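Undergrad: Take a look at the following structure, please.
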Amino acid sequence: MNSFLDIHNTDRSDLRGMIDSARRMKDARSGQPKGTPDADLPLKNRMVALIFEKPSTRTRVSFDLGVRQMGGQTMVLSGKEMQLGHGETIADTARVLSRYVDLIMIRTFEEATLLEMAEYASVPVINGLTNRTHPCQVMADVMTFEEHRGPIAGKKVVWSGDGNNVCCSMIHAAGQFGYDFTFTGPPTLDPEREALDFARAQGVQAVIERDPAKAVEGADLVVTDTWVSMHDPQSARERRHNQLRPYQVNEALMAHAKPDALFMHCLPAHRDDEATSAVMDGPNSVIFDEAENRLHAQKAIMRWCLGL
């Protein structure tokens, strides 16, 4: 039994195996209707709990569809239904769910909630997102890059904007997949130091460059994410926009990267804030391939967790 809690504490050979498995499964489904079951039905007779303390579109749809394509069934539970840690303890919830399901995916706020769920569950647990990390998204990002440009090892990846949870996982992935990483953004929104230290310890460059034009020089991939959350008050939104406006990914910024540099955004996006529509809809944008690949990457992760 394997839980998928983060990229940095998963063996790199297993991570590579998941990417390769995801690509094989995607290729095997080419041209088929979305509801067509996979030929081998690896999750036949399996039940998967999908816990959403934090709501989501892509995570819910991609995990739900992935389980169905592999022949399994899902039980979707919202934060209001679960009341994680408010009443019944997380530890007891994990123990109870383990009696009902074969696999748990949890999308939650606090990293501690994920870790406690994994500690007490007797079935594998998948990190669907926490405030600190978003490893499923970055596995899809690596898969997407390699579909379009070949091996990501040795490439230069630049993150522009807020050093958030996706950024943290992308730094972890730099260490595991062997690419160099540059962050450009305001000092108040730097990514966590521990992530940068981890990547450097694996022998790759993980640097901060305040000048966005210098940061993207020679980049093979430029990535950004939304500047604000749906829960942010208006005052915080305005402050963040003022901080981050110099780091908008636009055509002028992309001109400093390699001519064939890809652009990614995990979506949802606030168009013409963190990235312009010209970039998002441009020839080097792979944002919708990236969104689709959440499905395939997560199917591979589920198979790995269950040893299938």
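Cβ from N, Cα, C; glycine included.
Quick paste from Swiss-Prot:
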BINDING   SER56, THR57, ARG58, THR59, GLN83, ARG107, HIS134, PRO135, CYS136, GLN137, CYS266, LEU267, ARG294  carbamoyl phosphate binding site
BINDING   ASN165, ASP225, SER229, MET230  L-ornithine binding site
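Any idea what these are sitting next to in the structure?
TA: Mapped onto three states, the DSSP output places HIS134 (carbamoyl phosphate binding site) in coil. Around HIS134 (carbamoyl phosphate binding site), a 10 Å sphere centred on its CB holds 27 further CB atoms from the protein chains shown.
There are 12 other Cβ atoms within 10 Å of the Cβ belonging to SER229 (L-ornithine binding site).
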Undergrad: Quick one, of the binding-site residues ARG58, ARG294, which Cβ has the fewest other Cβ within 10 Å?
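TA: Minimum Cβ neighbour count within 10 Å, taken over the binding-site residues ARG58, ARG294, occurs at ARG58.
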Undergrad: Out of ARG58, HIS134, CYS136, CYS266, ARG294, which of these binding-site residues is nearest ASP225 (L-ornithine binding site) by C-alpha distance?
TA: CYS266
Undergrad: What residues, ordered by sequence, lie under 8 A Cβ-to-Cβ from CYS266 (carbamoyl phosphate binding site) and sit at least six positions away in the same chain?
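TA: Spatial neighbours, sequence-distant, of CYS266 (carbamoyl phosphate binding site): ARG58, HIS134, GLN137, ASP141, VAL166, ASP225, GLU290, ALA291.
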Undergrad: Taking the Cβ of ASN165 (L-ornithine binding site) as the reference point, list residues of the same chain whose Cβ is under 8 angstroms away and which are at least six residues distant in sequence.
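TA: Those within reach of ASN165 (L-ornithine binding site), by Cβ under 8 Å and sequence separation of 6 or more, are LEU129, THR130, ASN131, ARG132, THR133, HIS134.
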Undergrad: Return the residues near SER56 (carbamoyl phosphate binding site), defined as same-chain residues 6+ apart in sequence whose C-beta is under 8 angstroms from its C-beta, sorted by sequence, else 'none'.
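TA: Listed in sequence order: ARG107, GLY128, LEU129.
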